[in-house]
Amino acid sequence: MDATPNGKDAFVVTAANAAGDPLNWAAAAEALSGSHLDEVKRMVAEYRKPAVRLGGQTLTIAQVAATAAHDQGLKVELAESARACVKAISDWVMESMDKGTDSYGITTGFGATSHRRTKQGGALQKELIRFLNAGIFGNGTESNCTLPHTATRAAMLVRVNTLLQGYSGIRFEILEAITKLLNNNITPCLPLRGTITASGDLVPLSYIAGLLTGRPNSKAVGPSGEILNAKEAFELANIGSEFFELQPKEGLALVNGTAVGSGLASIVLFEANILAVLSEVISAIFAEVMQGKPEFTDHLTHKLKHHPGQIEAAAIMEHILDGSSYIKAAKKLHEIDPLQKPKQDRYALRTSPQWLGPQIEVIRFSTKSIEREINSVNDNPLISVSRNKALHGGNFQGTPIGVSMDNTRLAIASIGKLMFAQFSDLVNDYYNNGLPSNLTASRNPSLDYGFKGAEIAMASYCSELQYLANPVTSHVQSAEQHNQDVNSLGLISSRKTNEALEILKLMSSTFLVALCQAIDLRHLEENLKNTVKNVVSQVAKRTLTTGVNGELHPSRFCEKALLKVVEREYTFAYIDDPCSGTYPLMQKLRQVLVDYALANGENEKNLNTSIFQKIASFEEELKTLLPKEVEGARLAYENDQCAIPNKIKDCRSYPLYKFVREELGTSLLTGEKVISPGEECDKVFSAMCQGKIIDPLLECLGEWNGAPLPIC
């Protein structure tokens, strides 16, 4: 309901109640229609708009995230149509006070002491702000106990939006003042801890009220990071020279809401939605470099499971893999000796849609829950003008925040667990289908341990992430003289989810660098294998085709079998010393010649037709030529003069690779270079924190029509 200027209440006509949906279930379900990817695209578009217009009911998490991050260049505007409504409720409070009406927080004490009474409404609000200023900032210590700048801006925006609906009893001028602080990039200092998000986020929100009322302990941070007192903040924001003298109910209206928890939750969920899509694309790239079998994305499999998150995750991966040069090449490899190879891929690859789907559903549902919360009226009491009464309820209870954030954090931890499993397979030469151990790229693997340190770091990240997955909401303590005996812990859960999100970014960054390393190693592998095949072919033709007198020799029939050895053998299993007798290449090439010799029968007794006699000359010439040609191929690779181009350029995953390699300036890591894995991962992490990964990520899916491929 919205209060109207003439003091009447009017139901807001929405799609929900117009369609006979008094319980709001249909509206909640409708909000989840369409694909998750389309929703993420809409979020990104909203995030990039230059202005946020507040009216009380249409605020989105993307707008909250944008306001939090864009402290310059983004303008917050208040709907002028809300002014009369807000004023009507404010006037009602003053009139009821004059009439002697007994209302909670207006004429009574607070919480467990609401049995106390007073007629000094303004003084009561002033005392409310004073006793709620119970936070600790730890000034001058190494511990930073101040709420992050972004979270405070988010809280300010959300609180203004909820108060605009006109049920709380506050002057429109106070909302304008908060908006001016936002638009002039002046951020009150709020304590990091001290709220249980039960009667709202009382303690942190009291510091916004403290700044507005000019409390001497209130501080703000200015546009250049300077510390401001209340007077300086007002002057810089062009609010005026006079602080607000709170009228009855206004202090309670400012502090008795869930804006800090839901504001931070909005920031978290905006990024969580993007990282969820990234995890889908990363899983597809993982399948490419691991030479996976793409049938794990077949729509029939997922259609039969019914879960929309799983179906969409599989369809996105299917889209990335459809037409992939890696998948085409892998198919040919799988056709070689198929009975000697695993029939299906390991779980981290094959069940990635089933694993990610529920996490995406949880994140998406949490997004809608928080979006409802930031558009809700969530203080107490609420004023119903038409009924001429203050309604005493509990909308300040931030349970939707605590539950949504606990669930989101568990989903984030599950995404991280999958990434770690995939990363572990990628760096393990027992499982990665021919890539070198630890993704080493040097000529001498004994002096290059590649991503070994990165895998240890990933284990650390994953362990901390799993710990953070534990629920916050199960640790409720009875508070405020047992009045707040159940409380949501919404902000605490939001903070912990924000920590989890940071760790998932660390994991995503590290994994992306490793995947780009694997892509480059596949490119190097292809060129090295091609070089080895050419050399083996040349040497075979020169040494095995003819006998000593120029006649055709029986060993000439060995060439095709020799080339099959090169095709079958993992290149990195021998390439650091290709002619070593302890490595498989030379052993298996010799075995081919020996097998042909054994089948040569009586011809072996004749020196002119003996294949055994050819083995020494074949190996001697190979040992002379092969190391030089392999080094030449490596040099050509290092100088971007490869005979075979990189397959990634023909894949839908190329935009992400291009972003990491070209825009961020990362390169193939080797023990021969000074640069460390952490330096490259840092570049990706920083770019991710700045939102730069969004465009290349969405470009990978630019051609997807929102549907799986037809079942053939």
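The chain as shown is numbered from 1 upward.
Cβ coordinates are placed from backbone N, Cα and C, and glycine is handled just like the others.
If you look up Swiss-Prot, you'll see Tyr104 marked as active site, proton donor/acceptor, on the strength of similarity to another entry. Look at Swiss-Prot and you will find Asn256, Gln344, Arg350, Asn380, Lys452, Glu480, Asn483 tagged as (E)-cinnamate binding site, backed by similarity to another entry. Residues or ranges marked as 2,3-didehydroalanine (Ser) in Swiss-Prot (evidence: sequence analysis): Ser199.
On the structure: features taken from Swiss-Prot.
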residue: Tyr104; record: active site, proton donor/acceptor; contacts (Cβ under 8 Å, 6+ apart): Ser114, Asn380, Pro381, Ala390, His392
residue: Asn256; record: (E)-cinnamate binding site; contacts (Cβ under 8 Å, 6+ apart): Gly105, Ser199, Gly200, Leu202, Leu205, Asp379, Asn380, Phe396
residue: Gln344; record: (E)-cinnamate binding site; contacts (Cβ under 8 Å, 6+ apart): Lys293, Phe296, Arg350
residue: Lys452; record: (E)-cinnamate binding site; contacts (Cβ under 8 Å, 6+ apart): Val427, Asn438
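Ranking the recorded positions Ser199, Asn380 by the number of CB atoms within 10 A of their own CB puts Ser199 at the top. Every protein chain shown contributes to the tally, and the Cβ of Arg350 ((E)-cinnamate binding site) ends up with 17 other Cβ atoms within 10 Å. In the three-state DSSP classification, Lys452 ((E)-cinnamate binding site) falls within a helix. Secondary structure at Gln344 ((E)-cinnamate binding site), as computed by DSSP, is coil. Taken residue by residue with DSSP, Asn380 ((E)-cinnamate binding site) is part of neither helix nor strand, so it is coil.
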